[in-house]
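Chemist: Right, I'll just put the structure down here and ask away after.
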C-alpha cells in the first residue's frame, strides 16, 4: 500500500516547497524506497500552458506531453522516476472532471458540492498518480489560509483519515523572518500558520522553517512549544548557494527518520554520496565559461529554470563553472549585437510572440559570423534558420508566419498536422484553441551519420517538444543547398528536428526544435549541453591563445 507525505506551505509563497519535497523524495529514494511526487495547483486554469511566463514561470513538459508546473522539473532532477500527466493537476481539471460527471448523470441527481464531490475527485487523482509506489509526496500549491487551497487541504485530511494510522505524514514549510531592526528571528508568523493548519484538522508531523540563517536551538524549542510539534521535528532550512545541498541538510537533521517513523517504514540507511560528489564538483570547478542567454523573459529567470539547471549540470560534467548572463533581445534589437562578443557562447532559448524576435535573429547572425558557439532551442533554432535563409540562402524576405502571417517566404510556418508521443495524429489551424494544441511530449527520430548531432547523440534522439511552428519543408531544400545541414528529421512528417553548420564553416553552431533542457539531470547531465559547454571552453581557450 502506498504511503503519503503531504507538503504544505505557510506565511508566504515561493519558499521552496518543490525543492523541499524533491529533496525529501531523493533521501527516501536513496533508502531504497520507490518514490514519486505529485503537485496540486489550486488555480482554475486547466494547465499552465497558456499562462504568461511572467505570471507562472517555466512550463515543464513531461514525456507523455503534459504541460505542467516547473516543480515537476525539480522532481525529475532529484529522483529517477519520470513525471507523467497524473503527477500534476489543477482546480480547473478537477472541476472540469466533476462537471462532466454531473452532465453524464453519474451523481444520480444529487446536489454536487465541494464536500464530498470535489474532495473525493481530488483524492481519486492523488491515488491515480501514486499507484505502484511505496511513498508518494504530495505538494499542495499555494499558502495555508488561501481560499483556493482549502479543497485540497480538506482532501488531504480526508485521505489521511481514510488511509488509517501510519499511512500519511504532514510536513509544513514556513517562514521565520529575521527583523534587522530588532536583530532577531520572529517565530510568530510560523505559530499562526500552524494554528491555521490545525483549524482545518491537520497537525504537522514536521516543520521546515525557512530563514536566511540557521535557527538557534532556543528558537526551535519555542516554535515546538507553540506549534505542538516535537522539537527534533522543527527543522532549520537556511539559504544555500545551491539547491543540491538541501537533501544533505534535511538528512543531517533527521527529517527522513521522522517521516519513516511516522509511516512505520524501516528502509535501509540513506546513501547521499552522489549528492556529496555533485556539490563537490560544483564548488571545485577547474575552469569557467560565461554564456550569453538572449531571451525576452530575462526579468524573470524562473522562465528558464530547466535551461539554467541544464547548463549547470553540464558544468558539473565538464568540471566547469557556468556563468549565465541574461540579455534582453529587445535591447539587442535596438542597440545591436556587439555586446555578445565578450561571451564564450551564445544561447537563444524558446519563446513565443513577435516582441524582440529581430534581436534574436541578429544574435544568431552575430554568432554565425563571429564563430562563437551557438545553441538555438525551439524558437532559437527558428530564428537561426530565418537568419540563414535571409543572409546566406538569398531568401531576403524569409520570416515565420508567427511574426508575419502574410510573409512572402514563410520558412517557418504553423504545423497543421502531426503525431503526438503515442503516434496519434493531431490537427489544428489558426482558429484552434491555444491550450493543449501544440506538438507536445517525447518523440524519436534518426540522426544523420557524420554530423555533429550524430557525434553528440549517436544514431537516434528522443526529446520533448512544445511548439506550434516548424521549419517549412518547402524552403528547406534551398537552405540546405546554401550549406545548412538538417541533421535529424521526424520519421513520418520529415520535420526538421536538428540543424547545424558544417564544422568547416563554424566550430559549433546547432539549432534544435525540441527542448533538451527537460531531460537534463545533475546525475547524468545532457549530451547536447555538455557538448555546448565543451565548445564554449574551446572558444575561450582559443581566444586566450591569440592574446
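Just so you know, glycine gets a Cβ as well, placed from its N, Cα and C.
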Chemist: Swiss-Prot records 13, 146, 147, 148, 186, 187, 188, 189, 190, 191 as CTP-binding residues. Which of 3, 34, 39, 222 is assigned to the same site?
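Modeler: As annotated by Swiss-Prot, 13, 146, 147, 148, 186, 187, 188, 189, 190, 191 share the CTP site with 222, chosen from 3, 34, 39, 222.
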Chemist: Which one of 64, 69, 71, 124 goes with 14, 15, 16, 17, 18, 19 at the ATP site, as Swiss-Prot has it?
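Modeler: Record source Swiss-Prot; matching candidate: 71.
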Chemist: Which one, 464, 466, 468, 478, is listed by Swiss-Prot in the same L-glutamine site as 351, 379, 380, 381, 382, 402?
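Modeler: Record check against Swiss-Prot: L-glutamine site with 351, 379, 380, 381, 382, 402, extra candidate from 464, 466, 468, 478 is 468.
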Chemist: Applying a 10 Å Cβ distance cut-off over all chains shown, what neighbour count does residue 382 (L-glutamine binding site) have?
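Modeler: Result for residue 382 (L-glutamine binding site): 31 neighbouring Cβ atoms inside 10 Å.
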Chemist: Fewest neighbouring Cβ atoms within 10 Å: which of the binding-site residues 15, 19, 147, 379, 381?
Modeler: 147
Chemist: Which ones in the same chain are close to residue 378 (active site, nucleophile), with CB under 8 Å and 6+ residues apart in sequence?
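Modeler: Long-range Cβ contacts: 349, 350, 351, 466, 467, 512, 513, 514, 515.
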Chemist: For the recorded L-glutamine site formed by 351, 379, 380, 381, 382, 402, 468, which further same-chain residues have Cβ atoms within 8 Å of the site's Cβ center?
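Modeler: Near the L-glutamine site, the remaining chain residues are 350, 352, 378, 383, 400, 412, 467, 469.
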Chemist: Counting all other Cβ atoms within 10 Å across every protein chain shown, which of the binding-site residues 13, 14, 187, 190, 191 scores highest?
Modeler: 190
Chemist: According to DSSP, which of helix, strand or coil covers residue 186 (CTP binding site)?
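Modeler: Coil, per DSSP.
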